[in-house]
Each structure stands twice: as structure tokens, then as C-alpha cells.
Amino acid sequence: MATLPSDKECEEVKDGTETLYLCDGVLYRATYYDDTQVYEIVSPAEEEAAEQAQTMIGLALTTPMTSGPAVRELQTLLVGYGYDVGTVDGVFGTATETALLWLQYDYELEQTGMVDEPTARLLGILPPDPEAEEGAAEEATTEPTEAASAEDEPEQEAADESADEEKSDD
């Protein structure tokens with residue numbers, strides 16, 4: 001529990017109905033303790049977030065309430081795919097998580113609510129998986145093809161009947 005830093009400029013951020021405060025890269029939430037309003041930290045400091053991001057496929061988006069330009073980019077991508085993230089504010093809150101879950105559901109990915117590798121590949125944050133592309137190319141070249149489809153058979157039968165009728169007319 002803490003107070004907002006008095007020496008820092010804090011930005012008010014809305015997450016659904018909740019108001020959060022972003023101060024020097026740290027996100028705070030107002031709460032009460034012994035009838036006094038205090039602020040609890042709901043995100044790590046930027047240095048900690050940067051360290052975490054290096055171990056998580058290069059993304060700083062893998063925990064809710066993360067904030068920063070990478071989150072804003074994710075929100076912009078989700079909006080581009082037609083999902084509602086609330087305000088594009090750079091805060092990974094409940095609206096962003098819900099939009100991400102819907103994207104994962106719609107594209108039949110595991111619904112983690114976090115930017116994992118398959119989700120990052122879908123959004124173009126990471127390059128496509130070369131192994132998956134090779135597998136799809138092999139599948140396309142090894143599929144057997146039929147000489148005549150079932151749709152062609154009635155036409156062939158009609159042509160045969162027409163030829164038979166011409167012979168019987170002679």
C-alpha cells in the first residue's frame with residue numbers, strides 16, 4: 001500500500017469502470033485501508049517488466065495490467081481485427097484481455113488471454129512458423145487427385161445416352 005508519487009506526473013487511465021493511475025511506468029489502483037484512501041501497485045516497474053519481457057518471447061504483454069507502447073500496439077492490432085479493447089490506452093486491462101480471448105477463440109487458438117507464441121504469429125508480431133508452412137506445402141503437393149469427379153458422371157451418362165439414341169435412330 002502506498003500513495004501516488006508526488007514528484008511524478010501521473011496519468012489517469014480507465015479500465016472498464018475502474019480508474020487506474022500510471023506514474024512513471026508503474027500502474028496504481030485506489031483502494032481503502034482503515035478508512036483512508038491508499039494506492040496499491042498493480043504492475044511492476046518498467047525495469048522489472050523489461051526483464052520479464054526478455055524471457056517471454058520478446059513481448060511485454062504476457063501479464064494483465066502491463067502497460068506501455070507494446071500494449072498500445074497490441075490494442076491497435078486487435079481493433080484492426082474488429083475486436084473491442086475499450087480505449088486504446090496502452091494498458092493491458094480486462095477489456096484488452098477479453099478481446100484477446102475472443103481473437104484466440106475465433107481463430108481456434110488456445111484461449112490463454114495472453115500473447116503467447118501462436119497468438120503473436122497470428123497478429124504478425126512474430127514471423128510465421130517456417131515448420132508449419134513447410135508442413136502445409138507438403139500436404140498440398142502429396143494430396144491425391146481424382147481423374148473425374150462425381151459431378152462429371154451425370155454429364156458423361158447423358159452423353160452416352162445421346163450417342164445410344166442416335167445409333168437406334170439409324
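Each Cβ is built from the backbone N, Cα and C atoms, and glycine gets one as well.
Automatic, uncurated: that is what TrEMBL annotation is.
So that you can see what the record holds, here are the features copied from TrEMBL:
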- 130-141: compositional bias 'Acidic residues' (COMPBIAS)
- 149-170: compositional bias 'Acidic residues' (COMPBIAS)
- 67-123: domain 'Peptidoglycan binding-like' (DOMAIN)
- 122-170: region 'Disordered' (REGION)
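Each residue in the domain 'Peptidoglycan binding-like' (67-123) gets a DSSP state, and the totals come to 32 helix, 2 strand, 23 coil. Looking just at the domain 'Peptidoglycan binding-like' (67-123), the mean pLDDT is 88.
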